[in-house]
Amino acid sequence: MATVVSQQAITSQRPSSNFKASHFLKEPLNVPIKLRQKQFKIQATASQAPLLDPVLSPSKTIPQSYKKKSNEASLILIRHGESLWNEKNLFTGCVDVPLTEKGVAEAIQAGKRISNIPVDLIFTSSLIRAQMTAMLAMTQHRCKKVPIILHDESEKAQTWSHVFSEETRKQSIPVIAAWQLNERMYGELQGLNKEETAERYGTQQVHEWRRSYHIPPPKGESLEMCAERAVAYFEDNIQPELAFGNNVLIAAHGNSLRSIIMYLDKLTSQEVTSLELSTGLPLLYIFKDRKFMRRGSPVGPTEAGVYAYTKRLAQYRQKLDETLT
Ligand SMILES: O=C(O)[C@@H](CO)OP(=O)(O)O
């Protein structure tokens, strides 16, 4: 029989988040995970995760009694599949454009490539192209868990989307959508054709707007400004989960991911200018001993190399093979 977990049972374990829309505006960083805590955290032993205080680092916030799930975690980054504006070669930025059919296929292909790699938690931007990519990719995952977007737009949305079965919750993967992972805001370039813009302002100028670290496009964000919110979000909300041993998938955008990769790989502002990410390409990192180790892009679900990276990945895959065959 399904376990019914009452709202009271959940809130009795932690102070009420007193969620209000205005809190979202004031404290956008911590609301989504507070919500996840409310919806998904039942007890410290639940398989989904002990959830950390979202704003502070784990060392400051995890009570001593919490045992880490693992001292290693995988991190997968995926740039969204091709969007309708990528296809038209338009500057997109924060305009919320869906995937093309090719983008859908890329997301599914990315899902196949990561189908044997563990995912406990998904972060996406608030834009549909990243969310479609994450969801489509997860249709291919061999764990067959259901990704569920957590809604924090109102207290009602939070309460009304509550899951009352612990078993069902175990078969779910929380998806947290965060605007901080959105594409860099492209200012007055949004909606303009990239080629025509280069003809009008010059190739060099447009290249600087698109790839330099410090120079913002007109009324838009530079990569540096994008990094300020995307990397801060990563450090405050995602890294603590990895430190705890949760495996994370991030589906986001060319520039928000470039800024995160710059942080993970310790690239200089010069080096990042030549970093290009293809649509729908998954990249794997292992987080261990507080370090990120880049492990490239899994080529296919059966590629031996990926599973040789760590014992934990190999064991996870073996478990899937045993359970599913
Ligand atoms: O238009 C955009 O939002 C981005 C990503 O597609 O373009 P660029 O390659 O210039 O960063």
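A Cβ is built for glycine as well, from the same backbone N, Cα and C atoms used for every other residue.
Record features, source TrEMBL:
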| type | residues | note |
| --- | --- | --- |
| ACT_SITE | His80 | active site, tele-phosphohistidine intermediate |
| ACT_SITE | Glu183 | active site, proton donor/acceptor |
| BINDING | 79-86, 92-93, Arg129, 183-186, Lys194, 210-211, 254-255 | substrate binding site |
| SITE | His253 | site 'Transition state stabilizer' |
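Structure coloured by features recorded in TrEMBL.
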residue : record                             : DSSP (3 states)
Arg79   : substrate binding site             : strand
Trp85   : substrate binding site             : helix
Gly93   : substrate binding site             : coil
Glu183  : active site, proton donor/acceptor : coil
Lys194  : substrate binding site             : helix
His253  : site 'Transition state stabilizer' : coil
- Query: In angstrom units, rounded to an integer, how far apart are the Cα atoms of Gly93 (substrate binding site) and Glu183 (active site, proton donor/acceptor)?
  - Reply: 5
- Item | Euclidean distance between Cα atoms of the residue listed as 'active site, proton donor/acceptor' and His80 (active site, tele-phosphohistidine intermediate), Å | 10
- Item | recorded positions compared (Arg79, His80, Arg184, Lys194, His253) - highest count of Cβ atoms within 10 Å | His80
- Which recorded positions from the set His80, Glu82, Trp85, Gly93, Glu183 come near ligand 1, judged by a Cβ under 6 Å from any of its atoms? Gly93, Glu183
- In angstrom units, rounded to an integer, how far apart are the Cα atoms of Gly254 (substrate binding site) and the residue listed as 'active site, proton donor/acceptor'? 7
- Query: Given the recorded positions Glu82, Glu183, and counting only Cβ atoms in the protein chains shown, which has the most within 10 Å of its Cβ?
  - Reply: Glu183
- Task: State the count of C-beta atoms found within 10 angstroms of the C-beta of Gly254 (substrate binding site), not counting that atom itself.
- Result: 18
- Query: Hey, what's the Cβ neighbour count for Trp85 (substrate binding site) at 10 Å?
  - Reply: 20
- Nearest to Glu183 (active site, proton donor/acceptor) by C-alpha distance, among the recorded positions Arg79, Glu82, Trp85, Lys194, His253, is His253
- Item | Alpha-carbon spacing, His253 (site 'Transition state stabilizer') to Glu82 (substrate binding site), which is rounded to whole Å | 11
